[in-house]
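What follows is a single structure, written as structure tokens, with notes after it.
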Amino acid sequence: MAVWQPRESTPRYQFLHPRIAQVAWLYVRRACELTLGVGANTTVFSMINGLLLRPLPVPQSDRLAVLGIDLKRPTINYSFSEPLFRGLENRREVFSQVFAFDRRKFQVRGSSGTESVSGQLVSGDFFSTLETPPLLGRTLERADDAKGGNPSGFGVVISESFWQRWFNRASNVIGQKLQIDNHVFTVVGVMPKQFIGADPLQRPDIFAPLALEPVLDAPRSLTEAGFHAWWLTVMGRMQPGVTVAQANAQVASIATPASSQLRDAHFTAESGSAGFTYVRLLFRKPLRAVFAMCGGILLLACLNLASLLMARGAARQPELATRLALGATRRRLVQQLLIESLLIAVMGTAAGLAIAPVVGKSLAMMLLGNQGDTYVDTSLDIRVFAFAALASMIAALLVGLVPALQAVSSSLNEQIKSGQHTTQSQERKRILPKVMMAGEVGLALMLVVGAGLLASSLVRLYLSGTGFDPKGLVNIAFSLDKQPLKGEALIQFYRQLEDGLRRQPGVTDVSFARMVPLTHWTWDEDMSAGAGKTQDIYHNRVAPDYFRTMRIPLYAGRDFTWSDTPSSGPKIILNQTAAKLLFPDINPLGQFVIEHEGKNTSQFEVVRVVGNAKYEDLRSPAPPTAYLPLTQDDGNQSPSYFATIRTSGPVAPLADAARSLAVSLNPAIPAPLLTRMSVTVDESLSAERTMALLSVFFAICALVVTAVGLYGTLAYATARRTSELGIRMALGARKSQVVAMVFLQNASVALAGTTVGLAAALMASKALASFLYGTSVRDPWVFAGSILALVLIASAASLLPALRSARTNPMSAIRCE
């Protein structure tokens, strides 16, 4: 009974307090601060859980492993070529089964037209390794993954959602035909809704045999490219009793095929319980940095609340001393004070858990942009609840333990005699609260400096320029991969499409390009000037008026025209970087560039030099780039191009017009997808933008929490000196002297915190170096602005209690003692 009595008496004591409204508001305000700290940490942890930690919903997912190739580079390569995977498929030293998969879009033709459907190519052991039985029918087997496909026909497995959407959950779905990528497949199985494959961020609707890739992608087969195409993700199920460390050591000893690309390389294995996605590699470091900021916010909120509780505990010391004198034990009082803190922590954690799923979805959208087939599960599970509970307990201990111990540690006689007020000498002895307030200011300065550096870096990235004008620029993707268009028929299709798009309201320029800048999709070729040194040159194929449409600066020479056919001789346009690289000492116009592809070479005449444009990302400088004409497309690559349109009108009617045009020209073409170039630029900076925005938000929260905490604590401490200050003024001290004395004493705490925080920020900012662009980790303007913000807030928090103390009536202050 003794253990539970504090839990029961604490709410009774607090909420039967004469000033119940004030006490209730105190609880709510403290809980709100912890909601910010715990909620932010829980939200980011739910994102990390969904992206990095959540196990795949398959049996014994802890025995799955992801295979990689260590090429002696800074990062492991997780892409395998088809022959490299086939060489590992039957190895049983480490894994009971090995499988491969590739994420892609299938074009499925139905009665209402062609639809792009998310799916995967999977090897024969994919389903048996993941050990998930089908809802209906059977899964794909090794016989389906044989070269040329299963003799009984091409089999395909569909998801439950596709079964619902496409077949209306018909019971006779097994054996139904689907026309996928212009080939007929037979539905052999339906997977349950919870099965998502091995990519945690994808929800594939179609699983097709990997061995059919040469059939589906002919004549541009990645399988046929052999060791030159690295495109498969490979995973395996470890033998019983084998750990990840043992698997990694054993696969490292497996010999790699003799290849110049694999010289001195070895295989690696790491845990695959959470599956594998390349998005994980992009956002692993940014999420860790954001999580560290969230930890700073939680610690700041705890320091703030601990300071306030210590100030309030000092005011309650006479009451607690009286309880001790009447027989209460110190342990009982510490329990009571800790349960008060736990109650606040539970309230804050409950509110944080309530907002975490909603905010987590918004965070996922910020990171991933408009990728419709990518999904991060930020729902709450046992790991998120455990983390929230741990954060709540830590917060309760940080907030309550030290104030509770300090509140009951003083002498009984001294506390009973001291009354409700304190003197300057007594206040000086209270060192720990001042240290905590100084730490609060220092931690806030670190967060503000970090936010300033990341925000400055983001601004500099945007100001660095792209080399083209994204404003008013629209890209429309037309998928022609599965259409029998090439040569003159392909050119005629795009010319008709151009004519139709130019007639749309607001459209000023139209062109086409195989690759859109800043989409992380690039192609490079080995090129040289005559017998000169071979250089790695980025490669894009474009239509006439492309540079005018993009507003890429035009220099000497002429643009491509629709008359630049194969019979007129191969033409090429170089950007400034490529021109200087290939022709450093001569005018490139009229010169010839040689493209090397294995033992084959092709020769192109340079007809123009244009400005540089960034392709991979905004951080990297504009690469040397060569542009080839669409009109000389050799058919060796995809016939799908993006329509690049500059418009001054609304985008929605343009999207509708593009769909109507595509259907009128070729009904089998899937609906084209429209994106704004400005959105593409933003999404290329999704990680940087998310980090900067969240850090600025956390910095603002830190400033607000620090301001409220400093003011509350200093006001409480100053109020307890009412009688002392009244006596000083009664003995002749001027109000200005009292204000100056209180202000300097309060401000000295903030000044100490700013000094320590500055030193800590200088050291901690080095951890952000890899995230910054064009900004030094010791940017003087960022540090000066951050210090100025903290100084202003600390000065206001110190001055207001001082001004309030000067309005004290000396006689009233003396009588209140």
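Using N, Cα and C of the backbone, Cβ positions are placed for all residues, glycine too.
Nobody curates TrEMBL annotations by hand; they come from automatic prediction.
Pulled from TrEMBL, these are the features on record:
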- 34-253: domain 'MacB-like periplasmic core' (DOMAIN)
- 289-311: transmembrane segment (TRANSMEM)
- 295-410: domain 'ABC3 transporter permease C-terminal' (DOMAIN)
- 337-359: transmembrane segment (TRANSMEM)
- 384-408: transmembrane segment (TRANSMEM)
- 438-463: transmembrane segment (TRANSMEM)
- 512-635: domain 'MacB-like periplasmic core' (DOMAIN)
- 691-717: transmembrane segment (TRANSMEM)
- 697-810: domain 'ABC3 transporter permease C-terminal' (DOMAIN)
- 738-761: transmembrane segment (TRANSMEM)
- 781-803: transmembrane segment (TRANSMEM)
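Residue counts for the domain 'MacB-like periplasmic core' (512-635) under DSSP, helix first, then strand, then coil, are 18 helix, 47 strand, 59 coil. Sequence-distant contacts of the transmembrane segment (289-311) (same chain, six or more residues past either end, CB-CB distance under 8 Å): 30, 33-34, 36-38, 40-41, 43-45, 48, 337, 341, 344, 391, 394-395, 398-400, 402-403, 406-407, 430, 432-433, 436-437, 439-440, 443-444, 446-447, 450, 690-691, 694-695, 698, 701-702, 705-706, 708-709, 712-713, 716-717, 767-768, 771.
For the domain 'ABC3 transporter permease C-terminal' (295-410), the model's average pLDDT works out to 76.
Helix, strand and coil content of the domain 'ABC3 transporter permease C-terminal' (697-810), in residues and according to DSSP, is 97 helix, 0 strand, 17 coil.
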